[in-house]
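Presented below is the structure to which this report refers.
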Number of protein chains: 2
Amino acid sequence: MGMELLEQKILSEGKVLSDTVVKVDSFLNHQVDPVLMQKIGEEFAARFSDKKITKVLTLESSGIAPATMTGLTLGVPAVFARKRKSLTLVDHLYTAEVHSFTKNTTNEISVSKDYISKDDTVLILDDFLANGQAVRGLMDIVKQADASLAGVGIIIEKGFQEGGKQLREQDIRIESLATIASLEGGKIDFKNEGATV
Amino acid sequence: MGMELLEQKILSEGKVLSDTVVKVDSFLNHQVDPVLMQKIGEEFAARFSDKKITKVLTLESSGIAPATMTGLTLGVPAVFARKRKSLTLVDHLYTAEVHSFTKNTTNEISVSKDYISKDDTVLILDDFLANGQAVRGLMDIVKQADASLAGVGIIIEKGFQEGGKQLREQDIRIESLATIASLEGGKIDFKNEGATV
């Protein structure tokens, strides 16, 4: 179900750049709306309240604000995986590769072994879900740590791309706060619009 | 004056790697302690309460969590400058160069002209202040935007390096929540220890 406040924000401030790209730099990816981030944190915490989450895991940079707010509500730390072109020091790190189709680059992402362990129940968060590459990289890290995966929280899912479908077929629980069905003709259409404020 | 809660955290979890480097990955630079970030946000907001701040400006990635929390308390947006090796598209961007002495790299940082304007009063925030290169880059962007600078909030200042001294000599108001006088012999010594909890 969509989070109405977020959908309204996407409608009023999102810039549709093509049939597959909407830019939300005014409140999420460059400028950050702290009140909206707080409400997003509360919404993720509520949706995963049945799980005993011990860590929120995201990817720098755009995931950090919502992950911190979610951690605040849940009372647990947030961890952000780091992106680098290539890693020189891989000692004491979990690493995974994340390919970006948009930028046609592959980044290595890494998390220190100090911050996720087998005793953790991890909520993965990310700003966008399109092909699912970033989520898969983060899931890989959770697996390497032998930790439990509570599920995946996504702020904006591109419902017309395959990531969400494929992950759900693997029985991964995904909670997307806004799911875009289509951006065609410059118009943003949501799937399962606005059930929660 | 130092923020006691933060100083305690640095003492208990900071890892002194050399006479000039202390790692605080467990609560600030890799794992994030959301409750501490919230208190840091409240502290910065209180220290700059005499200024009518309209934007908090920081640099990805470690500045994002504290900047978002500060923005939340102040009721204003946070903006994070982006780092890149080189910019292909500089249209509609303010850009500045930031040299890192630690990594011996120069990054270009950029902020969209959409998010800082001449009507803004900007609080610059960063996690560390050492040589002051990042702060100077952010100040350069504020100047390009013809905005007002309210001051600079720093979580951890390395008091034994020159950045803070030089910036204060330029009459820049700097509020550092913890100032490290020395890391010699693996021991963390603060300057003006713990006046605020």
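Even glycines carry a Cβ here, placed using N, Cα and C.
Among the features that TrEMBL reports, xanthine binding site is placed at B:ASN29, B:LYS158. Annotated domain 'Phosphoribosyltransferase' per TrEMBL: B:42-159, in sequence order. The 5-phospho-alpha-D-ribose 1-diphosphate binding site annotation in TrEMBL covers B:ALA130, B:ASN131, B:GLY132, B:GLN133, B:ALA134.
Positions of TrEMBL features highlighted on the structure.
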| residue | record | DSSP class |
| --- | --- | --- |
| B:ASN29 | xanthine binding site | helix |
| B:ALA130 | 5-phospho-alpha-D-ribose 1-diphosphate binding site | coil |
| B:LYS158 | xanthine binding site | strand |
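Close to the recorded 5-phospho-alpha-D-ribose 1-diphosphate site, the chain also has B:VAL98, B:PHE101, B:LEU129, B:VAL135, B:ARG136, B:GLN161, B:GLY163: residues not among B:ALA130, B:ASN131, B:GLY132, B:GLN133, B:ALA134 whose Cβ is within 8 Å of the site's Cβ mean position. A Cα-Cα distance of 10 Å separates B:GLY132 (5-phospho-alpha-D-ribose 1-diphosphate binding site) from B:LYS158 (xanthine binding site). Fewest other C-beta atoms within 10 angstroms, among the binding-site residues B:ALA130, B:ALA134, are seen around B:ALA130. If you take the Cα of B:ALA130 (5-phospho-alpha-D-ribose 1-diphosphate binding site) and the Cα of B:LYS158 (xanthine binding site), they are about 5 angstrom apart, rounded to a whole number. Using a 10 Å Cβ-Cβ cutoff, B:GLN133 (5-phospho-alpha-D-ribose 1-diphosphate binding site) registers 19 neighbours. Residue pair B:LYS158 (xanthine binding site) / B:ASN131 (5-phospho-alpha-D-ribose 1-diphosphate binding site) shows a Cα separation of 9 Å.
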